[in-house]
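**Student:** According to TrEMBL, the repeat 'ANK' annotation covers 125-157, 158-180, 206-238, 240-272.
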Amino acid sequence: MELTDDMIPIDSDCFTLEQGYPVERNEAIEMKKTLPLECPQEADDLCDSGFLENFNSGCSLHDRRNQDGQEGDMDTAETRASLWRFLSEDQDTFLHLCIIHESEDRALSIIHQASPSFLNFQNTLYQTPLHLAVYLRLVKTVRDLVLWGADTNLQDWNGNTPLHLACDYGYVDCLQALTQPPTEEEQLQRPQQLIEPPDLEKHNWRGHACIHIAVLQGNYQTLEILLSLGADINAEEVTWGRRPLHLATENNDIKMVSLLLERGAQVDSETYSGVTPLELAIGRGNGQLAVELQHTVGLSGSNTSVIINGCFFDDLKLRGLPLTSH
């Protein structure tokens, strides 16, 4: 959804000089949850009464007219349209607000009647209803949004897709709701295939794909699911060229390193500055990791202590800084 001049601008407080882009402000969502669920007059009645079923939701968000083509009862037409036209000062639609307040019944009523363009509307932080549903772990809402045409690849102001968020928080149920193909029962209820499956290799503004986030967060089950879906185990981050194995080594996560090696991670992969995971382990003085990585690359076990002491790699540098101290 393209932003227009009349939309509320992003608060400059979102920006950080260190990272150069807005950081995710989850506290903003928590603050909204403390406020009353403000909505257009009679909108709750419309949701509860099933009145939405008689409304043609195929038109655009800002162009609502009497759908019958008749003058009719203008009050009814306005009430009918107000739900779809409503935007808060943060550019949240009524659907955004229902999800924020975890009002799933109302949210599902809207989802089942809305057009994809409405489902994909982004607020001032570029969050779609799907982003918010994942953040709040509303699995049923996540699944229905996907089945009813929500775009799983839209990015928020941090470049995160809903799948990035699910991997970050370790929400396996949301991850599955985002990625599983429709069941036979779901196809009967909503005969629509996923328009575009989630892009497993899409990078956020930090340069991380979903697999990088799973490794950084130590989410082993999430990693297994991503690999089963076809995620690249040797995917490069676009900032420093680190692979998942580099990140696990930097985290001193022996279990994650072992898992990645078992799944075929490339042990001699290099960053943009030519550093391998083994060299990282040596530079950080992690002997156990160095031994495991050394064994995988086929180096002689008799040289283990020599290598760990830095005799082979005493001039290594990462980002211009030595990996070993003298």
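Just so you know, the numbers here start at 1 and follow the chain as drawn.
Any Cβ shown, glycine's included, is placed from N, Cα and C.
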**Student:** Pop the mean pLDDT for the repeat 'ANK' (206-238) in here, whole number is fine.
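**Tutor:** Within the repeat 'ANK' (206-238), the model's average pLDDT equals 97.
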**Student:** Treating G and I as helix alongside H, and B as strand alongside E, what does DSSP give for the repeat 'ANK' (240-272) in helix, strand and coil?
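**Tutor:** Computed counts for the repeat 'ANK' (240-272) are 16 helix, 0 strand, 17 coil.
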**Student:** May I ask for the residues of the chain that lie six or more residues beyond the repeat 'ANK' (206-238) and have a Cβ under 8 Å from a Cβ within it?
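**Tutor:** For the repeat 'ANK' (206-238), the far contacts come to 19, 158-159, 163-164, 166-168, 170, 172, 175-176, 179, 200, 244-245, 247-248, 251, 253, 255-256, 259-260, 263-266, 269.
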